[in-house]
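Engineer: One structure, pasted below without further comment.
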């Protein structure tokens, strides 16, 4: 189940498995259409699962009350380097933070003493260094550690300028080592990577940069940055070097509402950008470059990668794989796979250059913020992450991840309580192995009836199946996220789909009336309450000093007359303010004459959807009148409104 409270959890989950239907398999496998060409299994099966972890830095020990922001890499000699912030005041830039480092010479089993790469200064004038990111030139052996240099301003407060002596500019620094990270030289590159004087702030995305292996830009070093442009928008930009780090330049800034972002080289030499979304969509943003990271195409939302607006990591599982090979398409991704909190630390695997992510496993179900991955010389992987108590290192292999390259889809579906629906299952076996007896396991409520079948999986081909779901008559209306796991002898793949029960289609709705909406200073459009995304919200007008206060109202046109029996309210997810308290609900057949209130009451501060129910009635319009706010504030904000009724 999802951790997003907007999607209801199915109570007391039961795992229901379905074996393939032999008759269906015999009838269809021979005619299965070819999938993406696969030359052998991209991920080798077998081996004993491995997952170990240990703390490298614990808050309050070894001189610093707080440690944050992990970076991880392997030196050309095979040593493992871990870098992170030591924060004497526990705050981000501007603060007297230091860039620290520990080294392992035995593949991460043991670690040397904590050392300083760039030392902050706690006495006036205060200076600090934060947010490390490693980048290794595999051709020369040079190691770079990019980080922030702050004096008086952090990312939000930095002003335009590039003078290294200006204390009100947040600067870009890079430390360089030619002896495997034992000693470092330092320089400020703010002017080098600021082609537009309107860029008033920048910082390197912590973790690890990349070096391209394929095509005309092979050897290029790329480190990702986030900048604030003249309009105040957060944009992503690749900073790169074609002369082994002697000089650095910035490519074209991309997107809006970006934040910490990473890149990975795809099997054909294109560069995939994967970004935190400061606009809070609840997912990762992605874009693709065809010119080695200088510029990027359109930015889109990857709805296979839920994210709570957090830093993440994306790498090639087999960094030395030949261009175009099956292994070159295998990517690993780590993040906090929740849309509402920094938790549920998860590693995912893609076998098709990030088009799908069928394999996932949780490594930290509790608190987990930033993380970074790197491939180790012995074929395992290093993971450095923030568990909430400092910096922790983990070592794992693909056998522990336990996946098979077989992405599958089950479409979202809507039905009424007491109804039954059958939906198709489509599986693409990207692996080079046959799976004669796959099974499908679904997380289902114990009172839901589910039946299904899946064909055998042939190498490089598509397979079909189906799932039939019967929802009891008394099921509470809502959107239910159902997890599905394809289980095979070679490993598992997973996906989710949404079963909508007893709710009208938001896509057919429109805003009939609203007392005010904030569009000048933020995206507080009223239409956000029917966009299906709880990360967006309607906000009443606030940018004018004389903006109206309570009561507030918003009315929906349902797109036709329906028999309805309730309204579901979801509060704004990322703020404790502007929460509706007392309310009234009205309905109308024509949008002019209103009946009611048909329901009234007081909402709580819960993040989950809250129901206001009333006797079933025919209506085309429904109105929420907000009478008060939970803490007495003047404004109102609503993430989503759903209408209970018959479609």
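Using N, Cα and C of the backbone, Cβ positions are placed for all residues, glycine too.
The following feature annotations were taken from Swiss-Prot:
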- 92: active site, proton acceptor (ACT_SITE)
- 260: active site, nucleophile (ACT_SITE)
- 370: active site, nucleophile (ACT_SITE)
- 68, 276: substrate binding site (BINDING)
- 496-646: domain 'F5/8 type C' (DOMAIN)
- 175-186: repeat 'BNR 2' (REPEAT)
- 239-250: repeat 'BNR 3' (REPEAT)
- 287-298: repeat 'BNR 4' (REPEAT)
- 348-359: repeat 'BNR 5' (REPEAT)
Engineer: Quiz question: given the active-site residues 92, 260, which has the greatest number of C-beta atoms lying within 10 angstroms of its own C-beta?
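Structural biologist: For the active-site residues 92, 260, the Cβ with the most other Cβ atoms within 10 Å is 260.
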Engineer: Looking at the recorded positions 68, 276, 370, whose Cα is closest in space to that of residue 92 (active site, proton acceptor)?
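Structural biologist: Result: the closest of the recorded positions to residue 92 (active site, proton acceptor) is 68.
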Engineer: Where else in the chain does the repeat 'BNR 3' (239-250) make close Cβ contacts, counting only residues six or more beyond its ends and a cut-off under 8 Å?
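Structural biologist: Same-chain contacts beyond the ends: 137, 139-140, 142, 144, 172, 174, 176, 189, 192-195, 204, 217, 219-225, 292-294.
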Engineer: Going by Cα-Cα distance, pick out whichever of the recorded positions 68, 276, 370 is nearest to residue 260 (active site, nucleophile).
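Structural biologist: So, of the listed recorded positions, the one sitting closest to residue 260 (active site, nucleophile) is 276.
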Engineer: Sort out the residues at least 6 away from either end of the repeat 'BNR 4' (287-298), same chain, that have Cβ-Cβ distances under 8 Å to it, and list them.
Structural biologist: 212, 215-217, 220, 222, 236, 238, 240, 251-252, 254-255, 263, 266, 270-273, 275
Engineer: DSSP-wise, what's the residue breakdown of the repeat 'BNR 2' (175-186) into helix, strand and coil?
Structural biologist: 0 helix, 5 strand, 7 coil
Engineer: I need the CA-to-CA distance for residue 68 (substrate binding site) versus residue 370 (active site, nucleophile), whole Å please.
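Structural biologist: Approximately 8 Å lies between the Cα of residue 68 (substrate binding site) and that of residue 370 (active site, nucleophile).
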Engineer: What's the number of neighbouring CB atoms sitting within 10 A of the CB on residue 276 (substrate binding site)?
Structural biologist: 25
Engineer: Averaged over the repeat 'BNR 2' (175-186), what pLDDT does the predicted model reach?
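Structural biologist: Averaged over the repeat 'BNR 2' (175-186), per-residue pLDDT gives 98.
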